[in-house]
Every structure is written in C-alpha cells, then in structure tokens.
C-alpha cells in the first residue's frame with residue numbers, strides 16, 4: 001500500500017491481508033440468509049397450509065415486515081451499548097427461538113404461525129447489525145464489495161427456501177434451526193469486535209482492545225495494519241463518540257448536514273424501492289406465478305417456476321456482487337430500473353396482447369426478467385447505501401430508523417398486494433411497477449450520490465461542503 005494523489009493506493013493488499021475481514025464479514029452476513037428465508041417462506045406456507053383464507057394468509061405474510069422495525073429499533077440501541085459482536089449473537093438467539101416455535105405449528109392453531117412470524121420479523125430487523133459491522137471492519141477499497149455480499153446471502157436465503165418447499169414441514173424447520181446454531185458458533189469463533197465501536201463508544205482506556213481487534217483484521221502485514229490503525233485513530237479524533245443515545249442522535253440530525261441530508265435522500269429512495277413491486281414478486285411468488293400462467297397450458301409447473309425464480313435471484317446476487325467492485329451504485333441501479341421497466345412491458349404485451357397456443361411461457365419469462373433485473377440494483381443498493389451514506393454519529397440509530405420506516409412501507413405493500421392481485425389485472429399491476437421503476441431511475445440519476453471508492457470522510461464532506469458534485473459523486 002502507498003499514498004498517491006491524496007489517497008491510499010491498495011495495490012499491495014493480498015488475499016492474506018483481506019482474508020480475516022472477509023471471513024468476519026461473511027460470518028456476520030450469514031445472518032442475512034434469515035430475512036431472505038422469511039421473505040420467501042410465505043410460499044412454503046401457501047404450498048403446505050392450503051386451508052388458510054386469503055385474509056389470514058396476507059396477515060401471516062405481512063406481519064414479518066411489520067415487526068422488522070421493532071427489531072431494527074431494538075438493535076439500533078443495543079449495538080451501541082453492548083457492541084456489534086454481542087448484538088449479532090443476541091440476534092441469532094431471537095431467530096433461533098422463531099424456528100423453534102415453527103416446529104409447533106399446525107394448520108389447526110393459527111396463533112403459533114403468528115408467534116413464529118412475529119419473532120422472525122423482530123429477528124430479521126435485528127440483522128441490521130451485520131451491515132453496520134461490515135461497513136466498520138472492511139477496508140475502504142473493498143467495503144462496497146463486502147457490503148454487496150448482503151445481496152448474495154439474502155438471495156441465498158430465498159433460494160434455500162424455494163428449493164425445499166416440497167420437503168416435509170418439520171424437516172424444513174429443523175434445517176433452519178441447525179443453520180442458526182452454526183451461525184452462532186461461527187460468530188463466536190470468527191468475529192472480532194468492531195475497532196471503530198470500541199474507540200467511539202467505550203472509554204479511552206480501551207484503546208489497546210481496539211488495537212487488538214484491528215490486529216485480528218490485519219494479522220499478516222504490519223505495514224497495512226499500522227496505516228489502517230493510524231487512519232482509524234485520526235478518523236475517531238474527528239468524530240468523538242456522540243451517538244450513545246437518542247438525544248445526541250437528534251442533535252446530530254438537527255445540526256449536521258452530513259446527518260440529515262443523506263437520511264432525506266435515502267428515505268425517498270427506499271420508498272420508491274418498495275413501490276416498484278420487487279418484494280411482492282418474491283413474497284407472493286406462487287400466487288403471482290399461478291395468475292400469470294393461468295388460462296394457458298405450459299409444461300412448467302408453478303413449483304418448478306418458483307425454484308427457478310429463487311435460482312435466478314441468487315445468480316443475479318452473485319453477478320451484482322462482482323459488478324459492484326467495478327461499476328458504481330448509480331449506473332447499476334439505473335440499469336436495474338431500466339430492466340424492470342422493459343420486463344414489465346414484456347409481461348403486459350405477452351399477457352394480454354399475444355394470444356393463442358405457445359410452448360414458451362412468455363409472460364413467465366417477463367416475470368423472471370423482472371426478478372433478475374430488480375436483483376441487479378433495486379433490491380440491493382438502497383440497503384447498502386444506508387451504511388455508506390450515513391455518518392458515524394447517526395449510522396446505528398439512523399440506519400435502524402430508515403430500516404424501520406422501509407419495513408413499515410413493505411408491510412403495507414405486502415398486506416394490500418393479495419387484494420390487488422385478486423381485483424386488478426396482471427397488465428394493470430405491471431404497468432404500475434414499470435412506471436414506478438422509471439421514476440426511481442430518474443431519481444437515482446438526478447439526486448442519489450455515487451459511493452464507489454469513497455471513504456466515510458469523503459462522503460460526509462460531500463454533504464457538508466455544498467460543493468459541485470464531482471464525477472463519481
């Protein structure tokens with residue numbers, strides 16, 4: 001590593017230098033599989049519990065999104081008080097309790113379903129801690145790549161849930177119990193505490209503890225470790241630990257443009273994300289596929305289509321992770337929106353205006369392209385940009401508030417969508433999705449700043465110095 005043009009050049013960073021933080025990041029992000037599981041788990045319920053009424057099914061599906069803000073708000077306070085690592089362990093224990101409750105569920109006792117989904121929602125909201133953790137331990141040159149792994153793990157949860165939908169009910173639930181236990185063990189073994197948290201939220205005498213945690217992240221290259229340690233200390237001295245409570249959060253938002261401006265930008269971006277239809281097409285994949293395929297004879301079944309959808313979502317997550325290291329957030333999000341507009345148009349055309357027998361399920365291809373396109377940016381970067389745009393004093397509480405706000409909107413969308421699907425044509429639904437995706441593309445182009453290759457300090461400076469937007473911002 002050497003210093004060039006005011007920035008550190010990272011040409012000397014080897015895999016050995018990066019491996020510890022990659023391992024710690026992946027261990028933390030393993031929790032993100034759980035929200036993916038629970039988002040797609042409604043399809044498992046739809047397949048196994050056919051006795052549910054439409055109103056009951058919509059509540060059981062959407063109550064997860066309603067409870068996620070509770071978990072996000074809890075963990076927002078907790079992670080600053082007890083640390084990121086302990087917060088991750090507590091999150092896994094809540095998720096473990098949800099799967100334990102799931103083993104008691106039967107179609108005759110609907111209250112167990114609500115208990116399971118409420119705990120799942122709270123635990124899912126608490127997984128917000130892993131994004132904060134990854135953003136704090138990762139090297140600035142690789143932060144975007146590691147944060148993009150969030151999409152891979154999330155889509156992995158969707159793929160796992162859709163792939164085993166035909167297994168016996170309790171086999172599915174015990175599989176997820178085992179996955180959660182493994183996650184807890186890996187957190188204990190592989191994750192050092194965040195050095196940033198130790199310096200900013202613990203007393204000054206814990207400097208040696210922070211240095212030890214940093215050494216765990218950079219154990220092999222002493223030069224890299226010294227440079228990163230000096231950078232961390234200088235950054236910490238510029239931003240004293242002020243985010244230890246609600247009062248300091250409110251004060252930061254009121255007085256600091258680097259706190260309130262990105263929150264406003266992100267709030268509208270996340271609203272548009274929820275209205276594009278990307279999430280209903282996952283949570284209600286089976287009903288959507290049944291509706292799209294109805295009235296025509298195709299060789300592919302809804303269950304096979306569901307598995308293919310999960311695989312496409314996962315493949316797109318991998319592709320997005322790879323591209324995010326080379327391509328900025330803005331072009332990827334705009335390309336994603338453009339793909340959703342195009343695929344919505346394909347669904348509209350093939351659903352109503354192309355009639356007659358066909359061996360190729362053209363409307364289904366449009367739905368698959370819609371899911372693939374949404375996974376290239378719309379489903380990913382609004383979440384990762386919460387960790388990238390928010391300044392350190394408001395990152396934990398502000399991030400959790402934004403997550404809570406977004407999931408309240410998601411709850412309303414998921415609660416209403418079954419009634420929309422029942423009363424509105426496929427053409428009308430995808431027309432709305434396409435128009436909203438177009439609006440989101442315009443918003444990203446004109447309002448949202450680029451974050452690729454930018455440090456926290458550079459992003460804060462962008463919001464506070466009112467400078468003309470540089471090429472990559």
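Placed from the backbone N, Cα and C atoms, the Cβ positions cover glycine too.
The shown structure was predicted, so the numbers you read here are calculated from the model rather than taken from an experiment.
Features of the protein shown, as given by TrEMBL:
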- 1-452: domain 'Major facilitator superfamily (MFS) profile' (DOMAIN)
- 57-75: transmembrane segment (TRANSMEM)
- 87-105: transmembrane segment (TRANSMEM)
- 111-134: transmembrane segment (TRANSMEM)
- 146-165: transmembrane segment (TRANSMEM)
- 171-191: transmembrane segment (TRANSMEM)
- 264-286: transmembrane segment (TRANSMEM)
- 306-327: transmembrane segment (TRANSMEM)
- 334-354: transmembrane segment (TRANSMEM)
- 360-384: transmembrane segment (TRANSMEM)
- 396-417: transmembrane segment (TRANSMEM)
- 429-448: transmembrane segment (TRANSMEM)
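Sequence-distant contacts of the transmembrane segment (57-75) (same chain, six or more residues past either end, CB-CB distance under 8 Å): 35, 38-39, 42, 45-46, 87, 91, 94, 110, 113-114, 117-118, 120-129, 283-284, 400-401, 403-405, 407-408, 410-411, 414-415, 417-419. Against the transmembrane segment (396-417), stretch 264-286 shows more Cβ pairs under 8 Å than any other of 87-105, 264-286, 429-448. Counting residues 6+ beyond its ends, the transmembrane segment (306-327) has Cβ neighbours under 8 Å at 40, 43, 142, 144-145, 148-149, 151-152, 154-156, 158-163, 165, 282, 285-286, 289, 300, 367-368, 371-372, 375-377, 380-381, 452 in the same chain. Between the transmembrane segment (111-134) and the stretches 87-105, 146-165, 264-286, 360-384, it is 87-105 that has the most C-beta pairs under 8 angstroms.
Segment contact is absent for the transmembrane segment (334-354) and the transmembrane segment (87-105), given fewer than three CB pairs below 8 angstroms at sequence separation of 6 or more. Between the transmembrane segment (264-286) and the stretches 171-191, 360-384, 429-448, it is 429-448 that has the most C-beta pairs under 8 angstroms.
Mean pLDDT across the domain 'Major facilitator superfamily (MFS) profile' (1-452) comes to 84 in this model. Only residues 6 or more beyond the boundaries of the transmembrane segment (87-105), in the same chain, are considered here, and those with a CB under 8 A from a CB of the stretch are 28, 31, 34, 71, 75, 78-79, 112-113, 115-117, 119-120, 122-124, 126-127, 129-130, 133, 169-170, 173-174, 176-177, 180-181, 183-184, 187-188, 191. The transmembrane segment (146-165) shares the most Cβ pairs under 8 Å with 360-384, out of the stretches 171-191, 360-384, 429-448.
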